[in-house]
Amino acid sequence: MNKKEKVIHILQIFDGIYPNAECTLDYKSPLQLLISTQLAAQCTDARVNIVAKDLYSKYKSAEDFANADIAELEQDIKSTGFYRNKAKNIKECCRILVDKYNGEIPTNMEELTALPGVGRKTANLVLYEIYGIQGIIVDTHAKRLSNRIGLTKSENPEKIEYDLQKIVPKERWADFCHMLVSHGRAVCKARKPECEKCEIRDYCSYIVKNN
DNA sequence: CTCCCGATAT
DNA sequence: ATATCAGGAG
């Protein structure tokens, strides 16, 4: 069975067990999604959502973030980790949004990834969630699962993106990634994958060692 | 490649 | 104690 056929089978199974796999970050505007996704680097979505609740009642626009006191913003997002980098990036990012984009969010990869703290993963998620533009969203789960399943042999996120683009039907690109996240959290965990109860084990090339 | 970094599960 | 969490920049 080739990789495309494997993915078709896996998608069919995922459709059954994760019928509405979607972004688990809470947001009420494109700006909130952009910032929450930046905060989500090496942090759980659950933690980001807790921080975001107070954050967005305090800062209501790109201008508010651009004018924020940096030390205060650092404390406001501290529990998400990497808080100095994140605060600096968010403030500068919002300064650019205000000055160059009239407070709106750019609609293409080049302009998005030019923003401080915004890489391809964040850009792909925003492009899909806000504008419906399909993309392979490569986070830690997509990276781990696509390697375990055998869809790529690369550890490089951008290479994984292109590998999966060739294998997954385009209309399911973002969907498939959301489902990899759901499956990564529930079954195919980083530390202790539960292969014995994995619904797609027949289509996976991963073998658990010492078991 | 390294660094950023707190919270949580194991 | 240590690995890991919807990464990005230098």
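Keep in mind that glycine also has a Cβ here, set from the backbone N, Cα and C atoms.
Please treat TrEMBL annotations as automatic predictions, because they have not gone through curation.
Computed from a predicted structure; not experimentally measured.
Pulled from TrEMBL:
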- A:Cys188, A:Cys195, A:Cys198, A:Cys204: [4Fe-4S] cluster binding site (BINDING)
- A:39-186: domain 'HhH-GPD' (DOMAIN)
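Positions of TrEMBL features highlighted on the structure.
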{"residue": "A:Cys188", "record": "[4Fe-4S] cluster binding site", "Cβ within 10 Å": "23"}
{"residue": "A:Cys195", "record": "[4Fe-4S] cluster binding site", "Cβ within 10 Å": "16"}
{"residue": "A:Cys198", "record": "[4Fe-4S] cluster binding site", "Cβ within 10 Å": "19"}
{"residue": "A:Cys204", "record": "[4Fe-4S] cluster binding site", "Cβ within 10 Å": "19"}
- Residues lining the [4Fe-4S] cluster site besides A:Cys188, A:Cys195, A:Cys198, A:Cys204 (CB within 8 A of their CB center) are A:Arg148, A:Ile149, A:Val187, A:Pro193, A:Glu194, A:Ile200, A:Arg201, A:Tyr206
- Query: Could you count the residues of the domain 'HhH-GPD' (A:39-186) that DSSP puts in helix, in strand and in coil?
  - Reply: 105 helix, 0 strand, 43 coil
- DSSP three-state assignment for A:Cys195 ([4Fe-4S] cluster binding site): helix
